């Protein structure tokens with residue numbers, strides 16, 4: 001095999017990158033500890049530009065371990081290296097502060113954060129899946145199912161703690177993403193009713209109804225999911241199976257649903273949606289869109305391919321899709337038109353019109 005020619009400095013840099021990849025479990029596990037210790041929320045509460053030392057943080061977190069400041073300093077150093085925190089030299093210790101990335105990993109004014117997503121993907125339940133990915137590639141099947149002898153949806157229905165953690169992660173993402181979507185997307189205007197298929201505990205629908213209070217909202221998900229849902233004004237929680245039927249409405253909203261299923265399952269869901277809609281009504285889809293070129297290295301591309309790999313490990317047939325693949329699904333399900341409308345935090349809004 002021909003070797004790619006590189007200069008000595010490029011070759012050394014490649015070796016350093018390879019070493020970083022070899023130790024890449026460090027960052028998510030450090031973040032997990034920082035979140036569990038409430039480190040990021042504590043730094044965020046201090047506000048932008050206000051620096052705290054490891055000793056300050058150990059005191060604020062009421063850590064009795066005498067070695068805690070030194071241990072925190074090492075955790076903080078990792079986070080500063082990845083721009084999760086800012087830093088500057090103090091008289092005795094390095095000092096650390098909030099950054100825009102930290103903003104999304106700590107609770108915002110709505111109490112929402114991306115942190116629960118990180119925690120659910122570093123949970124022992126999901127981590128166990130990755131130890132079975134190699135066997136899944138060799139022998140077929142899905143890593144999560146091999147690890148637990150059941151699907152992730154079946155597991156969630158039987159493990160209340162994991163179910164709550166999973167729902168919390170979806171709630172946080174929905175709150176942050178939908179707030180941005182509602183600032184730019186105008187497709188909810190004029191609707192009399194909307195059905196959120198796979199709407200979890202209703203966080204997304206609650207935000208839509210809060211902005212458009214004349215809309216009747218139906219939050220539709222599996223019975224064990226809506227059973228964990230709070231009472232919300234203007235929202236009716238309905239338990240059921242989207243493969244059997246979907247409640248009728250002026251529009252049907254699906255956020256992060258299709259990436260959990262293969263093409264044939266997505267077609268079944270879309271056809272049920274098509275049946276539930278009147279003429280000239282629409283399905284509103286919110287999903288990541290994979291770029292056509294797999295060689296991109298920007299944050300949006302990496303985030304999308306990370307989620308695609310998660311679907312590979314967790315869900316039979318689950319995957320992220322390109323724009324062309326979404327358009328093909330829409331047309332095959334009988335929808336007349338497909339429109340990519342707007343984007344918020346890498347989640348695209350698409351309309352499939354009947």
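Cβ coordinates come from backbone N, Cα and C, glycine included.
The bergaptol binding site annotation in Swiss-Prot covers 121, 259. According to Swiss-Prot, the feature S-adenosyl-L-homocysteine binding site maps to 174, 198, 221, 255, an assignment based on similarity to another entry. Sequence annotations record features per position, and here Swiss-Prot assigns active site, proton acceptor to 259.
With respect to their backbone Cα atoms, residue 255 (S-adenosyl-L-homocysteine binding site) and residue 121 (bergaptol binding site) stand 19 Å from each other. Between the C-alpha atoms of residue 121 (bergaptol binding site) and residue 198 (S-adenosyl-L-homocysteine binding site), the distance comes to 20 Å.
Taking every pair among 174, 198, 221, 255, the residues listed as contacting S-adenosyl-L-homocysteine, the largest Cα to Cα separation comes to 15 Å. Taking the mean position of the Cβ atoms of 174, 198, 221, 255 as the S-adenosyl-L-homocysteine site, the remaining same-chain residues with a Cβ inside 8 Å of that point are 170, 196, 197, 199, 200, 204, 254, 256, 257.
Long-range C-beta contacts of residue 198 (S-adenosyl-L-homocysteine binding site), restricted to its own chain and to partners at least six residues apart, with a cutoff below 8 Å, comprise 220, 221, 242, 254, 255, 256, 257. Counting every protein chain shown, the number of other Cβ atoms lying within 10 Å of the Cβ of residue 121 (bergaptol binding site) is 19. In sequence order, 200, 203, 204, 207, 255 make up the list of same-chain residues 6 or more apart from residue 174 (S-adenosyl-L-homocysteine binding site) whose Cβ falls under 8 Å from its Cβ. Sequence-distant contacts of residue 259 (bergaptol binding site), defined by Cβ-Cβ distance under 8 angstroms and a gap of at least six in the same chain, are 287, 288, 307, 308, 311, 318, 319, 320, 321.
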